[in-house]
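Just below is one structure, and these are the notes that go with it.
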Amino acid sequence: MQKKRIWTNARLATMAAGLPGLGIVEDGLIAAEGDRITFAGLASDFPYTEGPSTQGYEVTDCGGRWILPGLIDCHTHLVWAGSRADEFERRLAGASYEEIARSGGGIRSTVSAVRAASEAELVAESLPRLNALIGEGVTTIEIKSGYGLNIEDELKQLRAARALGEVRPIDVETTLLAAHTLPPEYEGRADAYIDLVCNEIIPAAAQAGLASAVDAFCETIGFTPEQTGRVLSAARHHGLAVKLHADQLSNLQGGALAARHNALSADHLEYLDEAGIAAMAQAGMVAVMLPGAYYVLRETHPPPLEGLRRAGVSLAISTDCNPGTSPLTSILLAMNMGATLFRMTVEECLLGTTRHAARALGLEKATGTLEAGKLCNLSIWDIDRPAELVNAMGLNPLHTRVWRGQ
């Protein structure tokens, strides 16, 4: 028999699309059976007559606290080995991201460490980062590969990411990012490496069921639009969703390229142009903001938020947790950065880590809002108003986190 639970005396920010703003319900109640929400709304509308305790429910009095959906970190590179703190010092001394990458640092530095690590070592090194995000109410996380750059080590990274979801109460969505950078053994042979990605790595990941999506780094220090298009086409051929690191450091028309391949999202987007915005809007894509990388790289060209808003493109926000350009393990701080650096509104930040983040992962039917039929993923907060989650820095007001009803 499935466990039945009720959370009463709560204020809800349901994030439901059918309600204005954050979908606030002041005198709210949530009921769940097993891992699914069966009711979320006004307590007075809940259909019982003799009191929930007499109907086999376990009742939790929330004491007037706020309940939001469990938070979603929809773009991370959380599984890695080694440290790139030395690059932080180099950037402080004036080196650019491109200079570090071209000198053999950056992603390639992490590739060497990941290739040398076992799957168990990757899990052990990644757990503290995952624990930090879980501690801030995250119940769903996307984790990319991209530090193996060959069949064996890309699959090893994906297995480690999946293993994290087996040892912690969290839903892990895995994304293959083999087209992250050119491995050293393919120096000067980018097209040959893309052949490997398309003809061997993507099919292997799909056959093993280790990835639900494929990503690529379309950039001057990554891969050309033509090479990226090949990767996205191969992903589609093997039944995988696609997303894209696009227009972060330059305008290569990455947003429009992602739209042509019906991507779930395009991410970063600092140099996205009007044509890219229009293409993304027409394709119904999500624009994922990653202010952590913008902050660490001390960029000065923010994403075109006003254009995205005018076009009706949904905005998500994520930590981009990675060892070099965004070693950020706080979804709350990511929201603050999005508001401060990009001028995102509180509503955009909160929807961007719930409903719109779910859409960026293709999970909008399962999670991201407090609605009947959705997974019972909740975050319960000691706050007076939801804006505090975006405003405060260094304070974690999480009271309780509920994952799949538990």
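Backbone N, Cα and C define each Cβ position, glycine as well.
As recorded in Swiss-Prot:
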type: BINDING; residues: His75, His77, His245, Asp320; note: Zn(2+) binding site
type: BINDING; residues: His75, His77, His245, Asp320; note: Fe(3+) binding site
type: BINDING; residues: Arg84, Tyr147, His180, Gln248, Thr325; note: 4-imidazolone-5-propanoate binding site
type: BINDING; residues: Tyr147, Asn322, Gly324; note: N-formimidoyl-L-glutamate binding site
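There are 27 other CB atoms within 10 A of the CB of His77 (Zn(2+) binding site), with all protein chains counted. Separation of the C-alpha atoms of Tyr147 (4-imidazolone-5-propanoate binding site) and His77 (Zn(2+) binding site): 9 Å, rounded to the nearest whole number.
Excluding the listed site residues His75, His77, His245, Asp320, the same chain places Thr76, Lys144, Asp215, Asp267, His268, Leu290, Ala293, Ser318, Cys321, Asn322, Ser326 with Cβ atoms within 8 Å of the centre of the Fe(3+) site Cβ atoms. Of Arg84, His180, Gln248, all annotated as binding-site residues, the residue with the shortest Cα distance to His77 (Zn(2+) binding site) is His180. Candidates Arg84, His180, Asn322 (binding-site residues) were compared with His245 (Zn(2+) binding site); those inside 10 Å Cα-Cα are His180. Taking the C-alpha positions, the distance from His75 (Zn(2+) binding site) to Asn322 (N-formimidoyl-L-glutamate binding site) comes to 10 Å.
On its own chain, Arg84 (4-imidazolone-5-propanoate binding site) has Gly105, Gly106, Ser109, Thr110, Pro323, Gly324, Pro327 as residues at least 6 apart in sequence with a Cβ closer than 8 Å to its own Cβ. The Cβ of Thr325 (4-imidazolone-5-propanoate binding site) lies under 8 Å from the Cβ of Tyr97, Gly292, Ala293, Val296, Leu297, each on the same chain and at least six residues away in sequence. In three-state terms derived from DSSP, His245 (Zn(2+) binding site) belongs to an extended strand segment.
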